[in-house]
Amino acid sequence: MSRPPLTHRLTHRWLDRWASLPSNLKGALWMVGATLAFAVMAALIKHLGQGGGGPALHGFEIAFFRALFGLAVLLPFLVPQVAGHRLRIGQWRLHGLRAVLGSGAMLLFFHAITATELALAISLSYARTLFLILLAAVFLGEVVRWRRATATVVGFVGVLIVLDPSGDTDPAALAALASAALVAGAMACIKRLSDSQAPLVILTLFAVPAVIVSAGPAALVWAWPSPAQWPLLGLVGGLGSLGQYAVIRAMQSGEATAVAPFDYTQILFVTVLGLLFFDETPSANMLLGTAVIIGATLYIALREARLKRHARPPASPPAPPPTP
């Protein structure tokens, strides 16, 4: 009997080794993969915005193509569900609000990436956790105790350090901060929707409106991409979808407290990419402010996870074996 090809043996060996890894390590690796995908996507957005391979494309137009190609990725999974009448959709108003907030966040964030430093835009995006706490307290009635409130205030101090209000504030940086606020609103909507709606429904009812919402702003700044830019736009959409998939797998594989900190590796990737390809050197203010934001949001995430773990009811004792 002939041996299987070398590629098959190596693949099976790699899969066996992957399966033997601790779940938290697998989750961390998935998260690092996600942040790498998002970092490369951001670099491609900036490259296209600077006229790489053709005309300089506005962030609004790139966001439109990101939404369009993202929807195309969902279609193979969506069509069988629709054909089999297996999609159950409800809470239309909340879906609509989430779509508007998410689309606005994407437009602002893509514009920020093309108009300011990569690392600056990414560092301000981490403020979404801080805005989410404010929204949860004001609109969801959640109680914010003094430790979390203090960490939130410290986090916003970090935002001020990054923005450096003593100098000329970059409008694109404000766009990145506004995007973080809208993302927080979208996350609050998803928190409500996830109780009753399937993930595919939530993704689809964002993707379709996102194409429509982003089409208007994109039309105002439209420039036809060159033949060399079309593959890059497709890659932006593909990397965005791949990153989202990797985040989901990361959360499924490991504990949130072990996986979430690796989300911050994205700032390392974009800093290196910005330095190598766009000659962007982070300022001392940006580095210090980013460290404060990451420290505050990481403290909040770890503390919330610890509180949830302590709040869990004790596991029920195992049932006795059945009597023969």
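Cβ atoms are placed via backbone N, Cα and C, with glycine included.
TrEMBL lists 26-163, 172-300 with the feature domain 'EamA'. Summarising the annotation, TrEMBL assigns transmembrane segment to 27-45, 65-84, 96-113, 119-140, 149-166, 172-190, 202-224, 230-248, 260-278, 284-302.
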Considering the transmembrane segment (260-278), which listed stretch of 27-45, 65-84, 96-113, 202-224 counts the most C-beta pairs under 8 Å: 27-45
Whole-number mean of pLDDT values that fall within the domain 'EamA' (26-163): 88
Tally of DSSP helical, extended and coil residues in the domain 'EamA' (172-300): 108 helix, 0 strand, 21 coil
